[in-house]
């Protein structure tokens, strides 16, 4: 049995959001073809993912020195530990995001900051950082109103570029993007674009 972490990063549901609609279709198809696998849903607009702030840095320092943490420090540090432990124990990752201002909602960066932990998801070596998640697989479902797969616009697409890079940094060897793109550029084809992406997602789910 495999464990899948399904991460969503949109404040609206699948009735409005293309990334959420395609993500939902993927997960439903995946569960149908992998009935014994466990899917854990993380909603980055609802679930608590602490910022790495002054409390966290203070708490980490106190842990190293054997000092007592404040209640706030303990809560944030413990929650961050739960998040990274959950992340590294999973076998597969699915993340559905919209493109916001060439990138993604800030909650996505906060989550990857939480799970990028030396000694857990990567390690430092004499040759530089080395990812530890070498037996994992990742899928990114990204909705973007324009066309960013090729041409000049591809150079300014920072969302999938970052997610692909951070998964590689953490050692994940298998990565795929399903892009739902162009629905704002050619609104008359918006429904067709979404349905094509849903079909692609449902098909890929069977082999994921």
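Placed from the backbone N, Cα and C atoms, the Cβ positions cover glycine too.
These features come from Swiss-Prot:
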type: BINDING; residues: 17, 18, 19, 99, 100, 101, 102, 143, 144, 145, 146; note: FMN binding site
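Mapped onto this structure are the features recorded in Swiss-Prot.
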residue : record           : DSSP class
17      : FMN binding site : coil
100     : FMN binding site : coil
144     : FMN binding site : strand
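Neighbour count (other Cβ atoms within 10 Å of the Cβ, all protein chains): 25 for residue 144 (FMN binding site). In this view, the densest Cβ surroundings among the binding-site residues 17, 19 belong to 19, judged by other Cβ atoms lying within 10 Å. When the record's FMN-binding residues 17, 18, 19, 99, 100, 101, 102, 143, 144, 145, 146 are compared pairwise by CA position, the greatest distance found is 17 Å. In the shown protein chains, 14 other C-beta atoms lie within 10 A of the C-beta of residue 146 (FMN binding site). Cβ neighbour count for residue 100 (FMN binding site): 14 (other Cβ atoms within 10 Å of its Cβ, all protein chains included). Cβ environment of residue 102 (FMN binding site): 156, 157, 158, 159 lie under 8 Å away, each six or more residues apart in the same chain.
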